[in-house]
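Notes follow once the structure below has been shown.
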Amino acid sequence: MLVSLSWLKEFVDIDEDAKTIAEGLTMSGSKVEGIKSYGEEISNVVVGQIVSLEKHPNADKLWVGIVDIGSEKLQIVTGAENIKVGAYIPVALHGATLPGGVKIKRSKLRGVESEGMMCSAEELGLDESLLPEYQRNGIFILPPLPLGMDINEALQLKDDVLEFEITPNRPDCLSVVGIARETAATFRKSFRMPEIRVTEVEEPNPARVTIEAPDLCYRYVARVVKNVKIGPSPIWMQVRLLKAGIRPINNVVDVTNYVMLELGQPLHAFDLDKVKNKHIIVRRARDGEKLVTLDGKERILDSSMLVIADEEKAIGLAGVMGGENTEITDSTVNILIESANFKGSNIRHTSKKLGLRSEASARFEKGLDPEITVLACERAAQLMEKYCGGEVLKGIVDEYPKPMERTVLTVRPDRINKFLGTNLATSEMIEILRSLEFEVVEKGEELEIKVPHFRKDVTMEADIAEEIARLYGYNNIEDSLMKNAQTTLGSLTKEQQLEEKAREVLLACGLNEIVTMSFMGERDLDRINVPKDSVLRKAVKIINPLGEEQSLMRTTLLPFMLNVAYTNYSRKVGEFRAFEISRVFLPKELPLKELPEEVKTISLGMYGKEVDFYTIKGVIEELLEVMGIVDVEYVRAEEPSYHPGRSAKILFKEEVLGVFGEVHPDVLENYDLPVRVYAGELNLDKIIKFANVDKKYTPLPKYPAVERDIAVVVDKDLFVAEVEKVIKETGRGFVEKTALFDVYKGPNIPEGKKSVAFSIWYRSYEKTLTDEEVNEVHARIVKALEEKLGAKLR
């Protein structure tokens, strides 16, 4: 954001120089990245008028001009092709200096004396690329101005321009008024808005506005100005636009851009005579609808986009760019000024989808204040009346379906001081907040604060503390020791150590760690088959999202793992094994009244020739074993994201530690993954809660173990864990451990059945077991499997 210091000083009385202002604003949170000075190095350059122009006698590409500078007439030789007799131009006299230390002297060019130099815009320090075609690569053509007037005075050129880095949460600072408000608060000066007075004629405003998409258009204001005369805008306005990096076009368009820079509200001007029945309709685009935008390109739209239309056609892409079919041209007589407020995330989505960004979309997508729309419209009407010769028709159309309510917060000054480590008086806090246009009322030991409409980023007590801190000055807050706070020196907490141990186990199992963003969209949940009434749908919404696909804080890691799996598969990676340790955000209630629960979660994902259900189960078992969590139970999972017969929940002490299994084929189809993918999500917080990593000495067994194999035929849908559970329960006191070594379906196995084979180790810690004792226990296990699970010994 480029802000002219002379423009800034119209709204705040401040005498400090640019450097002091830049330092103060940077310290209060409005970071200044650079300062560019205009006119400082320019001297002895005046306004002149060409009174005659002849070909150079000795050069085909040079001209000899006589230029009147008021006090005298000078002969100047030039090679410019864009000049003519009668043109007003900047003239650098003998002894003049220009930006970059260039000095001008009398000289002879091919035998003809030149007593000065005609100047281009670039030679005056302006960006020539922003000028109209006829002004580029030639002399800067001026409007009629007093001859001999100093060019700095004529163009209001002498100025400093501050370049600000504006963060996305402060769209109110994308304006001169916004920066002026911050300047006034920072330097304890008075702030004033521009004076706006509109003189209306008796003729009523004929425009009508219908908002058909109130979820995307929060407010739409329209004014009509008739009998405008299209021409160049005042030179001072053009120069201000150039300093701000905006191309001057004509007086009407320049006024809309000027007001956008001044107040932060994008405007658009339609040729009213091209709007069918003077009826503006704000609606969603139709799928396949076409619109040629002002850049001359045809855009194919869809129903996710918002358009401004009349009764026949789309005439503008809401918040992004107007349509060519209602463009302001030299023949335009009557105009309609649009000042509207649109949903920021929708504007960002449209802009990104069409690959079309503009100064307007850059502001709208951050979320603007709907309360500024009328003021901006009136300001534009005022300037058009003055500089376009227009007549403002009576009445303003203002469609505002659901007026915005101001946020009201209750804060306690003592908590603010505790939070900041300061000892500020309540009166000082109130003074700071009021300088930022917060309304503050003392109520006992509390402050009731009404947040200004333009400060959507202030939603809680911590935000108020930040406002006070930055205006008080972070550099003024004295260092202090923390009181009553637990600290750890030189080591990780138990939770951090266990998280690191989990990471080491997963890396040792051959998985690669990934890191993904914490934001998701509704589409991510749709793609993994999350039901509409699922708790996972109750996600925290981002106030100023980067787009619809990043509008929520994520409640699951699965979509991100599948995205990474797809990226690897699409790049011909044949074997994929990965994990992520991150947080999911689960709100306790919506709308949000307190911070959501942040659950640390492990996400697993893998595919490949050697990968199956038991591969991912083995990784999980290894992790739990290292964490000292034994005797977990695996039960069938009924999760819509997973294959119903090839997924499981992990239970320990009646709590769910996680879910894993083969990803549902429908979900894989949504991600264009033609291979089987196995995934899982584990609650790391619960794993850490139950972890028991204290090492205990266990003597080596004195007596030998006896190993026996058992293979049984069971229903194909029966979980192997259920077979293992029966074996261990029946053989308690004798069965030391079990290991699955085969699952078989095929010839010699009945339809709907499968063969499951285990190795069983029998051991007593009191004596050596005899064959008879082992046979007896083994037989009991076979019988229990038959009775409880319907198993048949192979």
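Using the three backbone atoms N, Cα and C, a Cβ is placed for every residue, glycine included.
As recorded in Swiss-Prot:
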type	residues	note
DOMAIN	39-152	domain 'tRNA-binding'
DOMAIN	404-479	domain 'B5'
BINDING	ASP457, ASP463, GLU466, GLU467	Mg(2+) binding site
DOMAIN	701-794	domain 'FDX-ACB'
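In sequence order, ASP457 are the residues of the chain that are 6 or more apart from ASP463 (Mg(2+) binding site) and have a CB within less than 8 Å of its CB. Under 8 Å, Cβ to Cβ, and six or more positions away along its own chain, GLU467 (Mg(2+) binding site) finds ILE432, LEU433, LEU436, PHE438, VAL458.
Secondary structure at ASP463 (Mg(2+) binding site), taken from DSSP and collapsed to helix, strand or coil, is helix. In sequence order, ARG455, VAL458, ALA462, ILE464, ALA465 are the residues of the same chain, not among ASP457, ASP463, GLU466, GLU467, whose CB sits within 8 A of the CB centroid for the Mg(2+) site. When the domain 'FDX-ACB' (701-794) is classified with DSSP, helix, strand and coil residues number 30 helix, 32 strand, 32 coil. Residues of the domain 'tRNA-binding' (39-152) grouped by DSSP class, helix first, strand second and coil last, total 11 helix, 49 strand, 54 coil. The C-beta environment of GLU466 (Mg(2+) binding site), restricted to residues of the same chain at least 6 apart in sequence and closer than 8 Å, is empty.
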